[in-house]
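As written in TrEMBL, here are the features:
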DOMAIN    275-687  domain 'Anoctamin transmembrane'
TRANSMEM  296-314  transmembrane segment
TRANSMEM  321-341  transmembrane segment
TRANSMEM  382-402  transmembrane segment
TRANSMEM  467-485  transmembrane segment
TRANSMEM  516-536  transmembrane segment
TRANSMEM  581-603  transmembrane segment
TRANSMEM  628-653  transmembrane segment
Amino acid sequence: WGLFLCQMDTDTRALVNSELSPLREDQQQLKKLDLGRAAPDILQNDHLGQFVLTFPIPVPENEQKFATLVEDPKSLWAAFFPAETVHSAHPEYPDFGEITLKEFTEKVVKHVVKILGQLGCEVHQFHSVDDDELFVAFGLRRSTEALHDLAIRAEAYAAVKSECPTDEKVDNAWQRRKVGVNLKGQEVYNECPLYVRYTPGLHDMVEEPKDTEVLRILRRGLRGRMSIVKLLEEKVANVFFAVHKWDELKELEKRGWNDPTRVCYWPYEGSSDSVEEYFGAPTGLFFHFYNSFSRWVFFPAAVSIIIFLIRKLVPKTHVHVIDTLFGLYMCLWTTFFLAYYQHDKNVKLLRWGMTTDESAGTVRREFDDARRGTARESFRKLLHWFLCCFFICETLWFVYWATNIRAEAVQNPSGKTFGLENEHIIRGYTYAVTLNIKLVDCTWSPLSMWLSKKENHRTDMELKSSMAVKLFAVKFVVFYFPFVYDIVLRPRVEGCPGDTMEGCIHMARGNLKVVFVTQIISGAIALLLQVAFQLWSVKAALRNKKGSSMITFLEVQALMSEFDVATEVDDFMQIVLSFGFLAMFGTVCPVMCMFCFVANLALKKLLAFRFSFAQQRVVPQIDTGLDAWMWILQFLAYAGVTCSCYIVIFMFLDDKVNLASKLLLFILSERAMGAVKMCLDSSLGKKSVAQQRIEECNEDVLELLLLAPKEDQSP
C-alpha cells in the first residue's frame with residue numbers, strides 16, 4: 001500500500017535509507033487500531049519512539065518555495081544549534097555558500113539525526129502517506145548509559161531503593177496496603193519513597209526513572225543541543241510532539257477513565273495515580289483535584305435535593321431556617337474540603353516524587369534575563385493590570401446600565417424600550433447579563449493569556465501563577481458581581497419585586513440557575529467542539545491522502561492540537577469558578593450543588609477523552625502543586641463566609657428587625673464564622689500527620705544515604 005515505500009528524491013533517500021530499511025521489513029506487522037467499523041484504518045506505529053519531529057518535503061505544490069535561496073543560513077543555523085555555535089568556544093558551521101531551502105532543510109535534518117544519535121536515541125524515519133512530510137521518531141532505551149548520563153545532566157529524580165514509609169502507621173509499624181494496579185499490570189501500594197536527584201554515586205541505590213521522567217529527561221536534553229522552538233518558528237520543522245501510546249490509552253479506557261460513554265461512576269481516589277503514571281504530575285494533580293471536588297460536592301448535592309423537595313411543603317420561615325443551616329454547612333464544607341484536599345495533594349506529591357523547590361522548574365525558552373527589571377517589561381505588566389481594571393469597570397458599568405433600563409421598564413410596563421415591549425426588556429435582563437458575562441469572558445481570556453505569554457516569566461510555573469491571578473481578578477467581578485448586586489444593592493437601590501425581600505431572593509435564585517447552567521453547558525459545548533474539530537481534521541486529512549485509505553497513528557497525532565499552559569489554566573479556571581458559585585451563593589440556591597456534581601461527572605469524562613484522543617500528549621514537567629489556585633480557592637472560601645452571613649442576616653431575617661441591629665448581627669456573625677474558619681484551618685494544618693511521618697522517615701533515609709560508605713550500596 002506504499003506507506004513507507006513512497007518515492008523520495010535522491011538526497012533525502014540517501015539520508016534516511018539506512019533507517020527506512022528495517023521499517024520496510026516490518027511494515028506488514030503493523031496492526032490496525034480497533035476503532036470500530038465506521039472509523040478509518042489507522043496503523044499503530046507508536047513503538048517507534050517517545051518523540052516525533054516532522055519536516056516538510058518538496059512536492060509539486062511547493063517546489064518553487066524550496067527552490068528559493070536562504071538569505072542568511074549561518075544566522076539560522078546558529079539559532080537552531082546554539083550549543084555548537086553561539087555558546088561554543090570553537091563554533092562550527094557547515095559550508096553553505098548559496099543554498100536553497102531544500103538543501104538547507106536536508107542539512108538541518110541530517111544534523112538533527114546526528115545529535116539524536118549522540119544523545120543515545122534510537123531514530124526511525126519515514127514519509128507520510130501523501131509523501132509531503134518526513135517523520136523523525138526517536139526515543140531513549142531503558143537501562144542504557146545514555147539514559148543515565150542524560151538523567152544526571154537533567155537533574156532527574158529517582159526513588160531510593162529502601163523500605164518505604166506509607167500514609168498509615170499503627171503501633172510504630174507502617175501499614176502497607178494495595179491502592180490499585182498500574183498501567184503495566186503491577187500492583188501499586190500506598191508507599192511514599194524518598195526521591196533524590198540522580199547522581200553517578202547513587203546509580204545502584206535508586207530505581208530506574210519513571211516513563212514520564214524519561215520524557216522530561218529527553219526533552220531537557222534536546223533543549224541543551226538544539227532549539228526546537230526556532231525550528232518551528234522558521235517553519236524548517238512542522239510539528240514536534242510527545243508520542244501517545246495506544247495500548248496505555250486503551251488500558252485507561254478499559255478502566256473507564258477516558259470513556260465518555262461511562263458517565264455514571266464514582267471519582268475514586270486512586271484513578272489520579274494512573275493519570276500521573278501516563279501524563280505526569282501536573283495533569284495528575286488536575287484530575288486529582290477534579291476527583292476530590294466531585295467526591296466532596298456529592299454530600300451538599302444530596303442535601304440540596306432534599307431541600308428542593310421540601311421547599312414548597314413547609315412555611316417560608318422554616319425554609320429560611322433550612323437555608324440558614326445549609327449556609328452554615330457550606331461554610332464548614334469549604335473549610336474541611338480545602339484542608340483535607342491540601343493534605344491529600346501533599347501526600348500525592350510525595351508519592352509521585354515532586355520537589356517543593358520552585359526554582360527546579362524548567363526555564364522557558366522565551367525567558368530573557370536581560371529584560372528583568374527593564375522599563376519596557378514593567379510597562380508591559382502595568383498595561384496588563386490596566387486592562388484588568390478596564391474589563392472590571394466594563395462589567396460594573398454594564399450591570400448599572402442594564403439595571404437602570406430594567407427599572408425604567410418596570411415603571412412603565414406597557415411602554416417600549418429600543419423598539420421592544422418593556423415586558424420583554426424585564427424578562428431579558430438576566431439573559432443580557434449572562435450574554436455580557438460570556439462576551440467579556442471570551443474576550444478577556446485569550447487576551448490575558450496572550451499578554452501573560454509575552455511577559456518575561458522564567459518558568460512555566462511562574463507563567464501559570466501570573467496567568468491564573470490576572471484571569472481570576474476579572475472573572476471574579478464578571479461572574480459574581482451581578483449576583484452581589486441582586487443580593488446587596490438591589491434591595492437598597494431599586495427595591496425588590498413585590499416590595500419584599502422574598503422577591504430579591506427569588507430573583508437572585510433564578511438568575512443564578514440561568515447563569516450557572518449556561519456556564520456548564522457552554523463549557524461542555526466548547527469541549528465537544530474541540531473533540532469534533534479534531535475528528536474532522538483527521539477525516540479531512542484522510543480525504544487528501546491521494547486515494548489511500550490508511551494513515552499511521554503518529555500521523556494522526558501530528559494533526560492534533562498542542563496542549564499548552566493557557567489550556568491548562570483555562571481547564572482549571574472552570575472548576576474554580578464552580579467552587580466559587582457554591583461557596584458564595586450556595587445559601588441562596590442550594591440546587592447548584594446538584595447541578596455541579598452531575599456536570600462534573602460528564603465534563604471530567606470529556607476532558608479525559610480530549611487529553612487522550614484529541615490533543616497531543618502532555619510533556620511532563622516538574623510541578624510543585626497548585627499554589628496560585630490554592631490561594632484563589634481560600635479567597636473564595638472566605639468570601640463565601642461573608643456572603644453567607646450577609647444573606648442570612650439581611651435577606652432571611654425578619655424585616656421587623658431594624659437595619660442597625662442587622663448590621664451589628666452581620667459584623668458579629670461574619671467575624672465569628674471567620675474566626676471559626678481560621679481556627680479550623682489552624683487546627684487541621686497544612687500537613688497531615690501522615691505527611692509529617694513520611695517526611696521524617698525520608699529525612700532519616702536521606703541522612704543514612706549521605707553518610708553511608710561508598711562501598712555500602714544499601715541505604
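Each Cβ is built from the backbone N, Cα and C atoms, and glycine gets one as well.
Predicted automatically and left uncurated, TrEMBL annotations should be read as such.
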* To do: Flag the pair the transmembrane segment (296-314) / the transmembrane segment (628-653) as in contact if three or more Cβ pairs fall under 8 Å (sequence separation 6 or more).
  => no
* Structure fact -> Note: vs the transmembrane segment (321-341), the recorded stretch with the largest number of Cβ pairs under 8 Å from 382-402, 467-485, 516-536, 581-603, 628-653 is 628-653
* Asked: Going along the chain, which residues at least six beyond the ends of the transmembrane segment (467-485) come within the CB cut-off of under 8 Å?
  -> 384-385, 388, 391-392, 395-396, 399, 403, 433, 436-437, 440-441, 444-445, 448-449, 451-452, 508, 511-512, 515, 519, 565-566, 569, 572-573, 576-577, 580-581, 584-585, 588, 628-629, 632, 643
* Structure fact -> Given 382-402, 516-536, 581-603, the one sharing the most C-beta pairs under 8 Å with the transmembrane segment (628-653) is 581-603
* Structure fact -> Tertiary contacts of the transmembrane segment (581-603), defined by C-beta under 8 angstroms and 6+ residue spacing from its ends, are 260, 263-265, 267, 290, 293-294, 297-298, 300-301, 303-305, 307-308, 323-324, 326-327, 330, 334, 479-480, 483, 487, 505, 508-509, 512-513, 516-517, 520, 523-524, 527, 574-575, 636-637, 639-640, 643-644, 647-648, 651
